[in-house]
Amino acid sequence: MATLFIADLHLQTEEPAIVAGFLRFLAVEARQADALYILGDLFEAWIGDDDPNPLHREIAAAIKAVVNVGVPCFFIHGNRDFLIGKRFARESGMILLPQEKVLDLYGRNVLIMHGDTLCTDDAGYQAFRAKVHNPWVQRLFLTLPLFIRRRIAARMRAGSKAANSSKSLDIMDVNAQTVVAEMEKHRVQWLIHGHTHRPAVHELSANDQPAFRVVLGAWHHEGSMVKVTPDNVELIAFPL
């Protein structure tokens with residue numbers, strides 16, 4: 001019995017080794033799990049479910065194959081793929097979840113999320129996030145021709161990279177008070193998230209009790225997953 005969590009794969013055709021590693025993960029580890037949760041940034045960018053990129057179809061088919069053998073797959077949007085919609089969910093068999101979700105995992109209540117909403121010290125990013133998550137802005141963007149959407153997405157990624165290069169690492173990490181507030185709001189002692197690309201298990205106090213924040217790593221030269229069993233919560237790095 002095990003439930004698996006992954007995040008921040010940033011899949012793109014320019015990184016075939018990561019794509020191949022994820023396909024192997026789906027073919028082996030994922031099929032042995034009780035469930036698979038993908039906590040955002042599965043793709044490096046997403047400009048709409050109507051994008052004919054062959055990689056998207058390949059990944060959808062591979063996830064659907066896992067679902068078809070009886071392993072449910074769930075998805076929380078990240079900051080790179082927040083426009084993944086019902087069409088891709090249907091093609092992949094994934095169940096779309098809200099940005100925060102509490103799970104009962106073998107007797108533990110665990111809060112899961114992508115993690116960008118915890119980085120409240122980065123006021124510039126939070127303001128940008130509020131704009132692009134406006135439903136009207138998203139609807140307008142999705143009405144644009146694909147070639148224009150690609151240009152806008154490329155420009156936004158370049159702008160984000162430039163902005164992040166001038167920010168301190170502390171600003172781009174989670175805010176400790178925000179973490180505690182979220183865990184106490186949901187009355188949990190466990191939090192699993194991604195986004196920061198800083199894999200670790202942090203001990204803290206929430207609800208006047210010991211608590212744990214487990215941060216998934218990004219997939220680069222190795223993969224990263226959290227494996228939750230009735231007896232343990234493990235952060236695992238593995239070769240791709």
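Glycine residues also receive a Cβ, built from the backbone N, Cα and C atoms like all the rest.
Per Swiss-Prot, Mn(2+) 1 binding site is recorded for D8, H10, D41, H197. Look at Swiss-Prot and you will find D41, N79, H114, H195 tagged as Mn(2+) 2 binding site, backed by sequence analysis. Positions annotated as substrate binding site by Swiss-Prot: N79, R80, D122, S160, N164, K167, H195.
The structure, with features from Swiss-Prot marked on it.
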residue : record                 : DSSP class
D8      : Mn(2+) 1 binding site  : coil
D41     : Mn(2+) 1 binding site  : coil
N79     : Mn(2+) 2 binding site  : coil
H114    : Mn(2+) 2 binding site  : coil
D122    : substrate binding site : coil
S160    : substrate binding site : helix
H195    : Mn(2+) 2 binding site  : coil
Least buried by Cβ count (within 10 Å) of the binding-site residues D8, D41, D122: D122
Rounded to the nearest Å - Cα separation of H114 (Mn(2+) 2 binding site) and D41 (Mn(2+) 1 binding site): 8
Site of maximum Cβ density within 10 Å, from binding-site residues N79, S160: N79
Integer Å distance between the CA atoms belonging to R80 (substrate binding site) and H10 (Mn(2+) 1 binding site): 8
Which binding-site residues sit within 10 Å of R80 (substrate binding site) - Cα, from D8, D41, H197: D8, D41
Nearest recorded site to D41 (Mn(2+) 1 binding site) by CA-CA distance, among binding-site residues N79, D122, S160: N79
Mn(2+) 1 site, defined by D8, H10, D41, H197: further same-chain residues with Cβ within 8 Å of the Cβ centre: A7, L9, G40, G78, R80, G194, H195, A218, W219
Close in space, distant in sequence - H195 (Mn(2+) 2 binding site), Cβ under 8 Å, 6 or more apart: A7, D8, G40, D41, G78, N79, H114, G115, D116, L118, C119
Length of the line joining the Cα atoms of D122 (substrate binding site) and H197 (Mn(2+) 1 binding site), in Å: 16
Inter-residue C-alpha distance, S160 (substrate binding site) and H197 (Mn(2+) 1 binding site) (nearest angstrom): 16
